[in-house]
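Some features that TrEMBL has for this protein:
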DOMAIN    7-75  domain 'Release factor glutamine methyltransferase N-terminal'
DOMAIN    97-190  domain 'Methyltransferase small'
BINDING   GLY117, THR118, GLY119, SER120, GLY121, GLU140, ASN186  S-adenosyl-L-methionine binding site
BINDING   ASN186, PRO187, PRO188, TYR189  substrate binding site
Amino acid sequence: MDIGSLRRSFVLELASAGIDRPLHEADLLLCEILRRDRGFLLAHLDETFPPSDLDRAREGLLRRLGREPMAYILGRASFGDLDLRVGPGCLVPRPETEILVETSLSLWSEGPFLDWGTGSGVIALSLLHSRPEAEGFAVEAEPSALRWAWANLKEYGLLSRCVLLHEARLDALSLKEGSLGLVVSNPPYIPTEDLKDLMDDVRLYEPSRALDGGSGGLDPYRGLLPWAARALRPGGFLVVEHGGEAQRKALLEMASPSLENVAQIDDLAGRPRVLAWKRLS
Ligand SMILES: C[S@@+](CC[C@H](N)C(=O)[O-])C[C@H]1O[C@@H](n2cnc3c(N)ncnc32)[C@H](O)[C@@H]1O
């Protein structure tokens, strides 16, 4: 079968299963199997698809039809100009989190950072990649996620500048009070009551520990905000991702008086997404 016919059949199957952007997904899969970019794919539609790769291509398609996230099937996800390894156990990095990283980079200038709930390591990695002198900590409760973070930091040669900590309790972290320049987090913030409404791709495959933020989605912040107020040095920043207006309002009320709110940022869909505070002296 030629590449073009296989591509058309994949697009049709993905579309009839109700998968968004079927052409994009078919191309991602075929490019990965062929180990070529999209330019090559489009220029070689008349060529025979290598018969030895057909089974792998069909297996990938079947996994996607079963709603497994494409990033897990490919074993990779892009984030800005970074390419990360991902798989079961870690959240697939979302484009919204680029706002969290950009906000952090625009505010933070000195002192070590701490990325709480690092998952694939995407935030810590982005900070270290952008700031060649920076050092920090990445904390994660889930051992399988920590392995992805380790693999990604290793691949980018950043392990020497980042201490990975396997810990679920903030009060168990033995960090000196007033020592951090930045605390950044994309914590689990989906309200428990909304988990059932998530798309199957997310609900069935991504770890609930990465999603479930308890009642109202606010549980993780109840510990994080007061802890950060103590761990940050005066002039340091706390930057968090969250979801929506109700959470923004609740978080602004929750923050201690020693934290001054310095940024409230919406995502491209106009939904409140990132908050930042400065630790007062
Ligand atoms: C929304 S995901 C974010 C992952 C990654 N930082 C990102 O932005 O893609 C939240 C992460 O927090 C981790 N997590 C949940 N509870 C935690 C806890 N008590 N301590 C440390 N990490 C926790 C989850 O395992 C998950 O990896």
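Yeah, the Cβs are placed from backbone N, Cα and C, and that goes for glycine too.
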- Item | Distance-selected binding-site residues near ligand 1 (C-beta under 6 Å), from GLY117, GLY121, GLU140, PRO188 | GLY117, GLU140, PRO188
- Task: Using a 10 Å cut-off, grab the number of neighbouring Cβ atoms around the Cβ of THR118 (S-adenosyl-L-methionine binding site), all chains included.
- Result: 32
- Looking only at GLY117, GLY119, PRO187, which of these binding-site residues has the biggest number of Cβ atoms within 10 Å around its Cβ? GLY119
- Task: Provide the three-state secondary structure of GLU140 (S-adenosyl-L-methionine binding site) computed with DSSP.
- Result: strand
- By CA distance, which of the binding-site residues (GLY117, THR118, GLY119, GLY121, GLU140) lies nearest to PRO187 (substrate binding site)? GLY117
- Task: For GLU140 (S-adenosyl-L-methionine binding site) and PRO188 (substrate binding site), determine the Cα separation and express it in whole Å.
- Result: 12
- Query: For SER120 (S-adenosyl-L-methionine binding site), which residues in the same chain are close in space, meaning a Cβ under 8 Å from its Cβ, but six or more apart along the sequence?
  - Reply: ALA77, LEU84, ARG85, VAL86, CYS90, LEU91, VAL92, PRO93, ALA145, TRP148, ALA149, ASN152
- Message: Distance check, please: Cα of TYR189 (substrate binding site) against Cα of GLY121 (S-adenosyl-L-methionine binding site), rounded to an integer number of angstrom.
- Response: 18
- Rounded inter-Cα distance in Å - GLY119 (S-adenosyl-L-methionine binding site), PRO188 (substrate binding site): 10
